[in-house]
Amino acid sequence: MTTIGVLALQGAFREHIRSVEASGATAVIIKRKEQLETIDGLIIPGGESTTMRRLIDQYGFLEPIRAFANAGKPVFGTCAGLILLAGEIDGSHDAHLGLMDMSVRRNAFGRQRDSFETDLDIKGVADGYNAVFIRAPYIERVGEKTEVLATYDDHIVVAQEGHLLACSFHPELTKDHRLTAHFVSMVENSKRTLAS
Ligand code: GLN
């Protein structure tokens, strides 16, 4: 059975657990870094990236999550989780995990559009995907190895770099589990590759 952990320091982790289970994998709440050894893939949820970073430092997760990803295990960052994965934030080089070659802008859709829902076409994953944005970031620039999977208003909102996936919105808040299911299949593939 494929086991996916959801980083549960802060933010919307319970809904992710449900979404992973609905996609046919086992889901576990991750609160200690030692638990990373027991999972095949990791989801970093939405919340507040600066708060989450503080807790990542407090609980000693920074290097263990980097090592997890560098060992080829998939990581999916959603909303604040996307910010944590990015190599560059708001034009500065002070990244958090800095695992993905992309530059992101926080709270990028502005005050008037703090929260909204829209239907997105996500390349190779889903058409008419129901996406919920909450004080969302977008991706301003991606590196050569990072593939753009969806845009909204000409801004990149889903990107994948090998075994790393990031989206601007909250894929766990609706019954549309197709993006989570895509991550589950990335984890299943990497599990097969890592085992061989
Ligand atoms: N605005 C938040 C941040 O900068 C992200 C919002 C979210 O995860 N819903 O961290």
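Think of each number as a place in line: the chain as shown, counted from 1.
Each residue, glycine too, has its Cβ placed from N, Cα and C.
According to TrEMBL, the protein carries these features:
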- GLY47, GLU48, SER49, ARG106, ILE134, ARG135: L-glutamine binding site (BINDING)
- CYS79: active site, nucleophile (ACT_SITE)
- HIS170: active site, charge relay system (ACT_SITE)
- GLU172: active site, charge relay system (ACT_SITE)
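All protein chains considered, the CB of the residue listed as 'active site, nucleophile' has 28 other CB atoms within 10 Å.
Among the active-site residues CYS79, HIS170, GLU172, the ones whose Cα sits within 10 Å of the Cα of ARG106 (L-glutamine binding site) are CYS79. In the three-state DSSP scheme, the residue listed as 'active site, nucleophile' falls into the coil class.
ILE134 (L-glutamine binding site) falls within a strand when secondary structure is assigned with DSSP. Packing around GLY47 (L-glutamine binding site) is summarised by its Cβ count: 21 other Cβ atoms lie within 10 angstroms of its Cβ, all protein chains included. A sphere of 10 angstroms centred on the C-beta of ILE134 (L-glutamine binding site) encloses 17 other C-beta atoms. Rounded to a whole number, the C-alpha distance linking GLU48 (L-glutamine binding site) with the residue listed as 'active site, nucleophile' is 9 angstrom.
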